[in-house]
Every structure is written in structure tokens, then in C-alpha cells.
Amino acid sequence: MNNIVILPIIIPLIMGMILVIFRKSIQFQRWMSLIAIAAVGSTSIYLMTQIKGHGMQTLQLGGWQAPFGVSMVADMFAVLLLATTSFVALCCLIYAFGSIGRERESYYFYPMFLFLLTGINGSFLTGDIFNLFVCFEVMLISSYVLLSLGGTKIQLRESIKYVLVNIISSFLFLLAVAYLYAMTGTLNLAHLSVRIAEVGQDGLMTTVAILFLIVFSLKAALFLFFWLPGSYSAPPTAVAAVFAALLTKVGMYAIFRMFTLVFYHEPQVTHLIIGILGGLTMVLGAFGAIAYWDIKKILAYNVIVGVGLIMSGLAAFTSTAITGSIYYLIHDIIIKALIFLLGGTMIHLTGTSNLKDMSGLIRTHPYVGWMFFIAALSLAGIPPLSGFIGKVLITKGTFEASYFWLGGIGLLTSLLVLYSVMKIFMNGFWGETLLSEDMEKGTTKGLMFPMGCLLAATVALGFGAEGIHEYVSMAAEGLLRPELYIEAVLGRNPMP
Amino acid sequence: MKKPNDIILHAVTKVAVPIILAFSFHLFFSGHHNPGGGFIGGLAIASALTLLFLAFDIETVRANIGVDFKVVAAIGVLLAVLTGVGSFFFDASFLSHTFDYFNLPIFGKTELATAVLFDVGVALAVIGTSVTTILSISEDR
């Protein structure tokens with residue numbers, strides 16, 4: 001029992017509720033949300049040290065023994081994502097201070113931001129499949145509000161699509177949970193793993209597994225990404241960056257959890273399907289990224305390419321590949337936030353998102369330009385930046401598992417990704433300067449600091465990859481050895 | 001606009017609302033061992049409030065019940081979560097609850113449970129959200 005496990009969920013929840021009560025004082029809201037997210041970040045780092053020393057930390061809510069109660073489980077994989085999430089959320093929050101606008105701030109922007117984090121952190125920490133559904137809903141409902149808050153025409157149009165898609169996928173999620181419960185009689189992830197290992201993963205169980213895969217693919221934008229480019233280009237920059245950095249990652253986390261802990265017995269079916277979907281996602285995403293001339297669209301398609309790459313690590317299902325996926329997942333959270341913020345800043349300055357209408361920004365904004373350049377290299381996986389190590393390990397893992405085609409697609413799409421972001425760089429920053437400083441639509445005042453932090457993080461992660469290797473390999477070990485998770489949750493008690 | 005003649009509705013509401021409220025309190029407290037509880041009790045209270053909003057207009061009721069129901073919901077959730085946090089100080093799992101028997105004047109031997117505090121939070125959250133939902137729909141014409 002370790003009550004600290006619940007803190008990353010309840011700190012943003014409590015703070016969000018307090019901020020609902022004190023709606024009028026904007027300064028108070030800003031500071032308090034900053035403090036809350038920083039507190040979550042430090043809690044997750046503390047949890048990380050605990051897990052390193054004493055293994056996975058668990059909490060049985062209300063003291064009800066697993067599998068009867070709801071378990072919360074903090075393993076290294078979840079906590080690494082938790083820490084990265086808090087860092088990125090902090091940066092996006094600071095960016096929002098300078099860009100989101102008073103109107104949105106006074107209509108519950110900060111509480112919704114915190115509730116979004118409640119849902120995300122809950123999804124990472126929960127050890128119960130129904131609880132995972134609830135945390136997904138908390139996250140999704142907050143994201144509906146954040147997406148539509150402000151009520152511009154494009155936001156409302158995209159919100160309708162986004163809400164519809166997600167309601168359908170939530171319905172399928174519930175259906176899949178019901179099937180699973182009917183077949184195994186339990187909802188606790190560790191207990192599910194035990195039961196399925198006992199009776200074997202037969203055809204019916206694999207079908208349910210694929211239903212789960214469809215559900216999470218909709219959330220993670222794995223192949224079923226038709227909704228993503230539209231809805232991620234509608235909200236204001238800070239919100240779009242949080243969505244791009246975090247929301248698909250939660251879906252991916254759920255796929256990782258389900259297909260390493262519960263449905264790991266038939267990798268030649270399920271993991272091959274994940275691999276094929278991952279490959280298709282990368283190819284289609286890269287096509288989208290090079291096809292468009294709209295910054296927002298290009299960046300949104302880059303999110304999709306990242307999803308495909310991370311999933312091919314899971315498809316390979318070797319120790320190297322999973323380690324690579326975790327590295328890349330951490331990198332992807334940071335770099336997607338950074339590149340969305342940078343792209344948003346360019347749009348903020350020029351007042352347009354069409355690349356053909358902007359040019360020569362480097363003369364007036366050299367820092368933004370060079371930051372974009374470094375971020376673009378990191379996104380494509382150029383050493384020594386943070387994307388490199390993950391990409392290498394994933395590629396190596398896919399080759400080890402003889403999925404040469406998958407590794408090949410990964411490398412090929414990296415080039416297309418590099419082309420797509422370099423297109424933004426060359427068109428946006430090079431060439432004749434069209435706008436003089438007083439003709440610009442906005443300033444970068446207050447926006448540089450959070451982007452600088454994220455940039456420093458991607459550089460540090462690239463150079464310090466060795467430093468966190470111990471943690472990442474521990475996370476990979478936790479994923480590859482389900483018995484560790486099961487023992488942490490159920491203990492050595494006789495199985496009911 | 002001609003004022004509608006809804007004297008029957010007014011008269012019935014004045015009698016019915018206290019009865020509904022009393023019944024919802026009964027539901028709320030019986031929930032500890034029998035069917036009922038914070039969620040259902042909260043919904044019943046919200047239904048009494050909705051009846052008031054229907055019979056009299058929103059402005060009149062707002063002038064008499066001067067609370068923002070969004071804040072009520074927030075306080076409810078806060079209360080519910082904070083009773084869970086209380087278990088931090090007793091080295092128990094989050095959301096653990098306890099109860100004991102006390103000899104109270106008038107009531108005699110009574111079971112007092114910390115779960116009731118949690119339930120109060122649930123009830124407030126339900127009242128807050130349901131009334132807010134109904135009010136925002138009714139304002140939208």
C-alpha cells in the first residue's frame with residue numbers, strides 16, 4: 001500500500017475543483033495550476049525513485065484487496081510517462097498564459113486543463129480495465145470542452161466530429177470490457193492476465209483483443225486517424241500542443257498495457273496486426289505530411305507518423321524494440337508539444353497557416369527559426385538529438401524480429417518527415433521577409449520561455465539517453481515480464 | 001405578454017416541494033444500509049429544485065436561492081475527494097472509511113460513519129451538475 005500512487009490523480013482534480021470555485025481571479029488560477037502540475041511532476045519523480053528501489057508501487061483503493069477493489073499501479077513505464085506528461089503540460093500551460101486570451105481564461109480554461117491531466121494521469125496509473133474506461137472519459141470530456149472552448153466556427157465544426165468519433169469508440173470500449181468480463185469474470189488487469197494465461201487465449205479471446213485494439217487505435221490514431229488532422233488543427237496553439245503531445249499517447253499506453261500484460265499469448269496474430277497497422281499509419285501519415293501546404297495539417301500528420309513508429313516497436317515485441325518504443329514515446333511527447341508550439345507561434349506571428357503566404361521569418365525572429373530547425377532535426381531522428389536513440393532501437397528490434405519491411409518503412413518515412421518539416425522551415429523562415437516587425441499580427445513575448453524549456457529537454461534527452469537508460473530498461477522489463485506486475489498487484493495470495 | 005394562470009401549479013408546488021425534500025433526505029440517510037444514498041438523494045433534491053424552477057420562473061428562484069450550482073458541484077467533488085484524503089493521516093489506503101457507534105442525546109445509540117461525509121459530497125455534486133445542466137438547457141432558446 002502506498003498512498004502516493006493516487007496523488008498524481010487527485011492533485012489536479014482537487015486543484016481544478018478549487019479553481020472552479022474561484023473562477024474570477026485569473027492570476028490565482030494561473031499560479032495554482034502551475035503549482036498543481038509542478039507538484040504532480042515532483043510526485044512522479046519521487047515515485048520513480050521508490051520504484052527503482054522497491055519495485056512497482058500499488059494501492060488498493062479503500063483497502064479492498066485486489067481483485068475485488070480498484071487497484072492503482074505505478075510501474076516504471078507509467079511513471080516515466082507521468083513525469084514527461086507533467087513537464088510538457090507545464091510548458092504548454094506557461095505558453096497558454098501568454099496566448100490563450102482572457103476570454104477563455106475566465107471560462108474555466110485552467111480547471112479543464114487540470115481535469116484533462118487528471119484523466120491522463122489516471123489512465124497511466126490505473127490497474128483496472130473499467131477504471132481505465134472512466135479515466136479515458138474524464139480525459140475525453142475535458143478535451144471536448146478544451147476543443148470547443150472559444151466557440152469559433154472551425155472549432156465547433158471539428159468538435160462535432162471529434163465528439164461523435166469518440167462517443168462511438170467509447171461505446172465499443174464498453175462493449176469490449178463487457179465481453180471480457182463475461183468471459184473471464186474479472187476487471188482487474190493483473191487478474192485478467194492470470195485468468196487468460198490459465199485458460200489460454202483462444203480464438204474468441206483474440207477477437208475481443210482485436211476489438212480492444214480497434215478502440216484504442218481510434219484514440220491513439222493508429223491507422224484509424226481520419227479524425228485527427230481536422231480536430232488537432234482547430235483549437236488554439238497551447239491546447240493543440242497538449243492534444244498532440246498527450247492524447248494519442250494515452251491510447252498508445254493502453255495498447256502497450258493490454259498487449260504486453262493481458263493479450264500477449266498470440267503475438268503472431270495480434271502483434272502482427274499492430275505491425276501492419278503501424279506500417280500503414282506511417283506511410284499514410286507521411287504522405288499527408290508531404291502533401292499539404294498548411295502548417296497545422298503538416299504537423300498533425302507528423303503526429304500520425306510518430307504513432308506508427310512507436311507501435312512498430314510493440315509489434316516487434318523484443319526487448320530492444322520495447323526499450324526503443326519507450327524512448328521514442330518520451331521523445332515524442334516532448335517534441336510534438338515543441339513543434340506544435342513553434343508552428344503555432346509562426347501562425348500567431350503571420351496570421352496565416354498557409355506556407356505559401358509566409359516567408360523570411362528568420363530575419364525578424366532568428367530564435368524561433370533556429371529552434372524550429374533543431375526541433376525538425378530531432379523530429380526526424382538526427383543524432384545526437386532525442387529522436388535518434390528511440391528510432392535506432394526500434395529499427396534494430398524490428399530487424400531482430402525479422403520484420404524487415406516494418407523497419408524499412410520506419411526509416412523511409414523518417415526521410416519524408418524530415419522533408420515535410422524542412423519544407424516548413426525553408427518556406428517560412430528563408431526567402432524574402434514579407435512582414436516587418438510592426439506589421440506582425442502578434443508578438444513572441446512570453447512564448448519563448450516554454451519553447452526554450454522543451455528544446456532544452458529534447459537536447460538533454462538526446463545527450464543524456466545513457467542517464468535514463470536504467471529507468472527505461474526497467475520499464476521495458478516491467479512490460480515484458482507480466483509476472484512482475486501480477487505479483488505487485490495480487491501479491492503471493494492464493495488466487496480467488 | 002399575458003401572464004399565464006398557473007395558480008394550481010403554484011399551490012401544488014408549495015406543498016410538494018417540502019415533501020420531496022423530506023423524502024430525499026430520507027433516501028439519502030437510508031442509503032447507508034438500504035437502497036438510496038448520495039446519488040439518488042441528490043437527484044431527488046435536484047428534482048424538487050427543478051419543480052421550483054418550472055412553477056416559478058428562474059429569476060425568482062435565483063433571487064431566493066442565491067447559490068451558483070457550478071460551485072455547489074465543485075464543493076461536492078472536493079468534499080468527496082477530501083474525505084478520501086483523510087485516510088492519508090491514518091496510514092490507511094486512499095478512500096478507506098470507518099464507522100463507530102456513539103450514544104447521542106435524543107437519537108440514542110447511533111452509527112456514525114465517515115462514508116456519510118463522502119456521500120454528502122456525492123449528493124452536492126449530483127445536485128450541482130443536474131441543476132446546472134437543466135438551467136443551461138432552459139436558458140438556451
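Each Cβ is built from the backbone N, Cα and C atoms, and glycine gets one as well.
TrEMBL entries are annotated by machine, without manual review.
For the transmembrane segment (B:7-29), the list of distant contacts is 36-38, 40-42, 44-45, 47-48, 51-52, 54-56, 116, 119, 123: same-chain residues at least six beyond its ends, Cβ to Cβ under 8 Å. The transmembrane segment annotation in TrEMBL covers B:7-29 (among others).
Sequence annotations record features per position, and here TrEMBL assigns domain 'Na+/H+ antiporter MnhB subunit-related protein' to B:8-131.
The transmembrane segment annotation in TrEMBL covers B:35-56 (among others). Only residues 6 or more beyond the boundaries of the transmembrane segment (B:35-56), in the same chain, are considered here, and those with a CB under 8 A from a CB of the stretch are 6, 9-10, 12-13, 16-17, 20-21, 23-29, 65, 118-127, 130-131, 134-135, 138.
Sequence-distant contacts of the transmembrane segment (B:68-92), counting only residues of its own chain at least 6 positions beyond either end whose CB sits under 8 Å from a CB of the stretch, comprise 114, 117-118, 120-129, 131-132, 135. The transmembrane segment feature in TrEMBL is assigned to B:68-92 (among others).
Here TrEMBL flags B:112-137 (among others) as transmembrane segment.
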By a Cβ-Cβ criterion of under 8 Å, what residues six or more beyond either terminus of the transmembrane segment (B:112-137) are in contact with it?
28-29, 31-32, 37-39, 41-43, 45-46, 49-50, 53, 58, 69-84, 86, 95, 97-102
Using DSSP, what is the helix/strand/coil residue split across the domain 'Na+/H+ antiporter MnhB subunit-related protein' (B:8-131)?
87 helix, 12 strand, 25 coil
